[in-house]
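Report on one structure; see the data block that follows.
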Amino acid sequence: MSSGSWMRPLALFASALPAAALLACVCIAVHYRGEGALATHCRNVNRLPSISAAVGQRSLEKRIWSVSIAVSCALRLLVAAAYRQEIAARLSATWRVSDSCGAASLIPGAHFGLGCLELASLLGLSVIASTDNYAVHRNCFITFLLSSFAYMLLHLWVASRIRSKFIAGTQRVLVTTRCFLAKLLLLSAYCASILLAVYFYARHQAYCEDMMYTYFAVAEYAVVYANILFHFTAYYDLGSLPICLVLTREFKFPSCKTASGPGSCRYWGFLWLSHSCQHQRRTGYDSLDFAAEQPVSAVTHSIFVGL
């Protein structure tokens with residue numbers, strides 16, 4: 001079985017790519033542009049560029065950042081779809097509610113919608129610099145902050161509802177206590193970093209103190225990396241889920257299962273997933289169907305991986 005057939009490396013790459021891209025852009029800006037990247041209107045002492053100065057002023061850094069965010073958003077969209085599928089199944093199993101009640105579809109749908117809104121605003125914020133169109137950049141920035149905060153809150157609420165429930169036939173909880181506490185800590189760091197960034201920027205604008213813009217830049221970096229790490233927890237939540245299964249359930253691709261003999265995959269060019277599909281058939285993943293009439297025992301075969 002190839003490790004690339006699972007969600008874990010996808011979640012890792014989706015988080016590592018923007019994290020490495022931001023670091024590369026900051027290093028390039030400081031090394032090649034020097035004082036130009038560190039200059040402020042106050043002309044005071046500053047050691048680090050802001051994110052906008054590091055990724056939005058020169059074509060090289062802007063291309064690195066924009067491409068990394070575009071690829072990361074595409075991968076995170078698949079992660080968001082997997083979360084929607086898994087949360088819907090687990091809430092149905094936990095609450096024993098039918099689809100007619102709406103809870104099993106409303107909450108996963110809101111979770112998925114907020115995640116998509118965050119991704120769309122992040123992509124717009126990254127592609128459209130403030131120097132290109134300030135109004136659009138500002139609106140994308142505000143939308144990103146609000147949607148990401150709402151997404152994290154809803155994600156934690158969902159995790160608090162299902163993390164203490166055991167999966168039928170196993171001793172694994174859906175979301176481990178350690179993972180839940182890590183998410184809570186990252187949300188706290190995210191909010192604290194935003195408040196510190198606002199404070200440092202206001203002081204810089206009001207008093208033009210030395211190093212204040214550097215503190216603001218550090219707080220900006222902390223906001224970005226706290227967000228990245230929060231989404232990286234999908235590495236543990238969805239690590240055992242085959243990508244093939246997610247695509248089958250999300251896009252209604254032809255099923256891999258057959259009545260007898262090895263399965264066959266026709267995924268419009270996704271030939272590299274064929275091994276995953278065959279393993280899916282052997283391990284029973286292909287029998288999962290999260291329709292309302294599906295027995296709870298069948299729903300709970302796909303698990304969250306704990307820390």
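The backbone N, Cα and C atoms fix where each Cβ goes, and this holds for glycine too.
Look at TrEMBL and you will find 1-21 tagged as signal peptide.
Taken together, the residues of the domain 'CWH43-like N-terminal' (9-239) have an average pLDDT of 88. According to TrEMBL, the feature domain 'CWH43-like N-terminal' maps to 9-239.
Residues or ranges marked as transmembrane segment in TrEMBL: 104-129 (among others). Sequence-distant contacts of the transmembrane segment (104-129) (same chain, at least 6 residues past either end, Cβ-Cβ under 8 Å): 52, 55-57, 62, 65-66, 69-70, 73, 76-77, 80-81, 83-85, 87-88, 91-92, 95, 97-98, 136-137, 140-141, 143-144, 147-148, 150-151, 154-155, 158.
Within its own chain, the transmembrane segment (141-159) is flanked in space by residues 87, 91, 107, 110-111, 114-115, 117-118, 121-122, 125, 175, 179-180, 183-184, 186-187, 190-191, 194, 227, 230, which lie at least six positions past its ends and keep a Cβ under 8 Å from the stretch. Per TrEMBL, transmembrane segment is recorded for 141-159 (among others).
Among the features that TrEMBL reports, transmembrane segment is placed at 180-202 (among others). When Cβ-Cβ distances below 8 Å are used as the criterion, the transmembrane segment (180-202) is approached by residues 145, 148-149, 152-153, 155-156, 159-160, 163, 212-213, 215-216, 219-220, 222-223, 226-227, 229-230, 233, 307 of the same chain, each at least six residues removed from its ends.
Taken from TrEMBL, the feature transmembrane segment applies to 222-247 (among others).
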